[in-house]
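Student: According to TrEMBL:
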DOMAIN    A:28-183  domain 'Cytochrome c assembly protein'
TRANSMEM  A:21-45  transmembrane segment
TRANSMEM  A:57-84  transmembrane segment
TRANSMEM  A:91-115  transmembrane segment
TRANSMEM  A:127-146  transmembrane segment
TRANSMEM  A:158-181  transmembrane segment
TRANSMEM  A:201-222  transmembrane segment
Amino acid sequence: MWSFFHKLGSPPWLYRISGSILRWLLPLTLLGLALGMTWGLFFTAPDFRQGNSYRIIYIHVPAAVVALAGYYVMATAGAVSLIWKMKMADVALRAAAPVGAALTFVALLTGAIWGKPTWGTWWVWDARITSMLILLFLYLGVIALYEAYDNKEAAGKACAVLSLVGTVNIPIIYKSVDWWYSLHQPASIKFTGPSSIDPSMLYPLLLLIISFYALFTCCLLMNMRVGILQREARTKWVRKLVGL
Amino acid sequence: MYFDSFQAAMAMDGHGVFVWSAYGISVLVLALLLLRPWRQERRVLRELATQWKRSNQPPRGTNHSQANSGLSREGSDAPGS
């Protein structure tokens, strides 16, 4: 157990293991995304009330779910790098931010496009949408904050603190559709009790949620590999890797 | 297959513009998300290779003999270049 954590802190090990994970996870992810999107676009029946516009759900929900989960990853990495001063946690924090930002952007954008034919408007300042916008700004804030510092160690610390403070937003996003009256519908998939979504629509959605999780993992690992190389640029193992 | 024809799948009963633009932009963003680190990694590796060829300094945190014993190719390449 502890030796595993010890290895996690080792850049060469992390670089090597991420390479071998990506070799099979990346093709699987692309396959899952392609299958899920084709399934959702062409092989499901339209929603009885929303018609075909509901097909946006197959991107919107997975992107939103993983954008939120990505924030946990980032904040956890921030906590680990603050408490144990683990260098690789700092690398992970920086690797997660752009992926989370992109997924939040996709969730907001597909939501806006979906809102137009369904609600009659691109945008409303309701609780769910506003708190998701704050999530986007938190991700972008972490990226900008890191760039703002010349001292990268101080930058990492500041980003970790910001990401931890930002976690207050996460339960607000989850609960926003229950706490406030909203145009946004509450969750259709429940782990406790039956889901209010038909199985024929649920299966492609689940496939895409899993694929988006896998996509996040792939992007996180790929970004971390870049971060590791930049951080370890002057070490012996990277020199060996380059073949010098 | 739910749709009867390609045209029907494109139109989606008037929702085609929304559905296809949402999917199109999302796929583009996801593709960029994957391509960016892939290209960055290759660029960093390339830059490091050229950097080290120019300045032939020993790596940090290791002594000379250790560095050379680990890199058999370096010894044979160095005198010639």
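Any Cβ shown, glycine's included, is placed from N, Cα and C.
Annotations in TrEMBL come from automatic prediction, not curation.
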Student: Is it the case that the transmembrane segment (A:91-115) and the transmembrane segment (A:21-45) touch, counting contact as three or more CB pairs under 8 Å in which the residues of each pair are 6 or more positions apart?
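Tutor: The answer is no, given that the two segments have fewer than 3 Cβ pairs within the 8 Å cut-off.
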Student: Three or more CB pairs closer than 8 Å, sequence separation of 6 or more: does that hold for the transmembrane segment (A:21-45) against the transmembrane segment (A:127-146)?
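Tutor: No, the stretches stay apart by this measure.
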Student: Short question: which residues 6 or more past the ends of the transmembrane segment (A:201-222) have a Cβ under 8 Å from it?
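Tutor: Residues packing against the transmembrane segment (A:201-222) from afar: 18, 21-22, 25-26, 28-29, 32-33, 35-37, 39-40, 43-45, 47, 57-59, 61-63, 65-66, 69-70, 73, 92, 95-96, 99, 103, 189, 195.
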Student: Other than its close neighbours in sequence, what residues sit by the transmembrane segment (A:158-181), given a CB gap under 8 Å and a spacing of at least six beyond its ends?
Tutor: 68, 71-72, 74-75, 77-79, 81-82, 90, 93-94, 97, 126-128, 131-132, 134-135, 138, 141-142, 145-146, 149, 187
